[in-house]
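What TrEMBL annotates here:
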| type | residues | note |
| --- | --- | --- |
| DOMAIN | 25-47 | domain 'EF-hand' |
| DOMAIN | 61-87 | domain 'EF-hand' |
| TRANSMEM | 137-154 | transmembrane segment |
| TRANSMEM | 206-224 | transmembrane segment |
| TRANSMEM | 236-252 | transmembrane segment |
| TRANSMEM | 259-280 | transmembrane segment |
| TRANSMEM | 286-305 | transmembrane segment |
| TRANSMEM | 317-336 | transmembrane segment |
Amino acid sequence: MENPAKIQPIIVYLSCPESVVLSCDRDHDGFVSLEELTAFIKTTEQVPSSAPLTPIIVNNYERFDQNHDNRLDFEEFVEMITNDTFLKDFTNLGNRYVKFLVVPVCRTKRITKVQLQRMHTITGMYENEVKFKATDIGMIMLSLIQIILFYTSFKDQLVFKHDKRQQVWRYVTYMFTHNSQFHLFENVAIQLLVGLPLEMVHSWRVLIIYSAGILGGALFQSVIYPYEDLAGGSPGVYSILTAHIATVIMNWREMSQPVVQLIIFGTFSVFDTIYNYITIRNSDEISYISHLGGAVCGLLVGVNILRNLRETNAEKIIWWICIVLYFGIMSTFIGLELRLNLSKGAQPTR
C-alpha cells in the first residue's frame, strides 16, 4: 500500500486513526513501534533524520504502552492520539499545528472509533444533523389539515378575499384552502419532500418560516393586486424552498455539497417567481406575486432563525442585513395595506 501524501502540519495528516496506523506501521505487522512513530513524525514534519524526538512524545508513548512491549497495538494507539494531554503536548511543540475537534462517531464492543476534523472545515456536519425526531411532524400535520379542510365547506371562511380585509385571520388562513386537487397535492408533495428534511434539522423554525411566507404572500398580493382573492399554500411552499437557500448560505462550510444545493433551489426559486412574474404577471389561476412574496420572506426569515451550526463573522453581517431588510419590507407593505384599507377610491392595477 502506498504511503499517504505528506501534509503539514502533522495533525492535519491525522484524518482518522486507521490511516495513521497504516502510515506509521511500516512493516505492516499491526503494531506501531517507537522507532516507526519517530520516523513517521520526522518524515511528515520534514526535519533532519538526526534530530532527536522530543521527550514529550517519548513519555506519552511509554505511558500508553500498557503492556510494555515497546509497541502500540491499534487500541493503544487510538487512545494515545485522542487523549487530551497528548494533543495538548503535541500542539505545544510549536506553532506548526492547528486545532481540531474530536468528534465521537460510534462505539463498538472493544474500540472507540473517532474522527478528527479541522475546526475551519467541518464538511458533512450539517448532513449528520438530518435525523427524524418524534417532534418533527409540523409539515405532516399541516398537510393533513390542508387535505381535510379541502373536502369540507370551510373554504369561504378561510380564503383571502379582497373585500373582507378587515377579517385579519384571512391573511394566514388562506393557506388551508386550495382551488383544485392538483393544486393541493402539488403543495403537499413539496411540503413533505422539501420541508420535512428541513424540519429534521431546524425543527419548529420551519413552521415559522412557512407562516412568514404565507403572510408575506398575502401582503404582496393585496397591495399590488388589491382587487384579487388568494387561496392556497403556495407562498408558504416557496418560503420553504428559499429557506433551503438560507441554510446553505449560513452553513456553507458544514455542508457536503453546498454549491449543488444552491444551484438547484436557487434556479427553481428565481425562475418560478421572478422570471414568471416578469413575463406572465398574475393570472386567474396562479398568483406569481404571492409566490415572490413568500420566497422573499422565506429567505430573509430563514437566515435569521434557522440553525447556524458554526457562526462566522461574515454570517453575522448577513444576519443583520437580512433582519433589516425583512422588517423594512414588511413595515412598508403593512403600511401600504393599512392605507389601502382606509382608502375609498382605490382602482384595480390590471
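We number each residue from 1, going along the chain as drawn.
Heads up, the Cβ atoms here are built off N, Cα and C, so glycines get one too.
Each of 137-154, 236-252, 259-280, 286-305 was scored by its Cβ pairs under 8 Å to the transmembrane segment (206-224), and the highest score goes to 286-305. Between the transmembrane segment (286-305) and the transmembrane segment (236-252) there are at least 3 Cβ pairs closer than 8 Å, counting only pairs 6 or more residues apart in sequence, which means the two stretches are in contact.
Using a Cβ-Cβ cut-off under 8 Å and counting only residues 6 or more beyond its ends in the same chain, the transmembrane segment (236-252) has close neighbours at 125-126, 175, 187, 190-191, 194-195, 198, 201-202, 206, 209-214, 216-217, 258, 261-262, 265-266, 268-269, 272-273, 291-292, 294-303, 306-310, 315, 318-319.
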